[in-house]
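**Student:** Can you keep this structure in mind? I'll have questions shortly.
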Amino acid sequence: WEFNGSFYQPSAFLMMGIPGLEGLHHWISIPFCTLYLIALLGNCMILFIIKKTQSLHEPMYYFLSMLAVTDLGLVLCTLPTTLGIFWFNMRRIGFDACLTQMYFIHILSFIESSVLLAMAFDRFIAISHPLRHSSILTKTTVIKIGLAIILRGMVSLLPIPFLLKRLTYCAKTELSHSFCFHPDIMNLACADIKVNVFYGMIILLSTVGMDFIFIVLSYILIIKTVISLATKEECLKALNTCVSHICAVLVFFIPMIGLSMIHRFGKNVPPLVNTLVAYTYLIIPPALNPIIYSIKSSHIREALLRALRRKSE
């Protein structure tokens, strides 16, 4: 502990694995390792295929590349501490290291939300204004969108670590997860956390909340456009291009909203439920997104099959 007058700050926090199942952590690590491996290999495969296939050098796949990079970042942020607990019972994480991990987890989550919004906008332009799609979403425009997404995430979350460092903490230093999460750290403080709660809610609603609203509005406009198409076959063909993105949106936003609600309002929620929702939020989307796009996107699937054939020859 560091002491400075009445100011107390722990030198480290203790992370939690899966409550009540500590004796089974070695066995539980097997499905986690499988999910992490799928996420790492799947997203690297997506990036490799898009880079090597000239026909995939278009906005939809540029945004998919951003999604894959973000998912890789999320995996690499949580993998060391999660497997460290399951394999070696390494629960201790330094105070500053915890704040750094928390900052990057939240940045990458906000970036993923924004990338999903950009992908919704791409689908809207492709379906509603197909002839102008390439002129609206040029390569330069896509790069600017990507930089704006990164900048928004970094700037909006920059005060969070400093707001946590100013707090005085109690004797309890045990976190609820195997990674550092802002509400989790904040709730260990003995000081007034109204500023942290208020700022966290404002940032969450003005970024992820607004992204979700605009994604919904994009699909309302897409559905209106699709309904106006002449034939049923054209409607189905147009909607089929959105299925992968809709799945990615649901897989990301449902557990994220659930985890945020649990941390802020779910005081009586069992710890096991809280833990499972957190792992679903941070591990399942990076593992499922490459599978979803590989199955639903014929271009990705065909490029993958061509690459496999070349290796087998």
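Glycine is no exception: its Cβ is also placed from the backbone N, Cα and C atoms.
Below are the features I grabbed from TrEMBL:
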{"type": "DOMAIN", "residues": "42-293", "note": "domain 'G-protein coupled receptors family 1 profile'"}
{"type": "TRANSMEM", "residues": "24-50", "note": "transmembrane segment"}
{"type": "TRANSMEM", "residues": "62-88", "note": "transmembrane segment"}
{"type": "TRANSMEM", "residues": "100-121", "note": "transmembrane segment"}
{"type": "TRANSMEM", "residues": "142-164", "note": "transmembrane segment"}
{"type": "TRANSMEM", "residues": "197-222", "note": "transmembrane segment"}
{"type": "TRANSMEM", "residues": "243-264", "note": "transmembrane segment"}
{"type": "TRANSMEM", "residues": "276-295", "note": "transmembrane segment"}
**Student:** Six or more residues beyond either end and a Cβ under 8 Å away: which residues meet both conditions relative to the transmembrane segment (243-264)?
**Tutor:** 67, 109, 112-113, 116, 119-120, 123, 181, 183-184, 187, 197, 201, 204, 208, 212, 215, 219, 273-274, 277-278, 280-281, 284-285, 288-289, 292-293, 296-297
**Student:** Go through 142-164, 197-222, 276-295 and flag the stretch with the largest number of C-beta pairs under 8 Å relative to the transmembrane segment (62-88).
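**Tutor:** Answer, by Cβ pair count: 276-295.
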**Student:** With a Cβ cut-off under 8 Å, give me the same-chain residues at least six positions beyond the ends of the transmembrane segment (100-121) that come close to it.
**Tutor:** 60, 63-64, 66-67, 70-71, 73-74, 77-78, 81, 93, 145, 149-150, 152-154, 156-157, 160-161, 164, 179-182, 185, 207-208, 211-212, 214-215, 218-219, 245, 248-249, 252-253, 256, 282, 285
**Student:** Most CB pairs under 8 Å with the transmembrane segment (197-222): which of 24-50, 142-164, 276-295?
**Tutor:** 142-164
**Student:** By a Cβ-Cβ criterion of under 8 Å, what residues six or more beyond either terminus of the transmembrane segment (24-50) are in contact with it?
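**Tutor:** Same-chain contacts beyond the ends: 17-18, 56-57, 61-62, 64-65, 68-69, 71-72, 75, 79, 82-83, 85-87, 89, 279, 283-284, 286-287, 289-291, 293-294, 300, 303-304, 307.
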**Student:** Over the domain 'G-protein coupled receptors family 1 profile' (42-293), what is the model's average pLDDT?
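**Tutor:** That stretch averages a pLDDT of 90.
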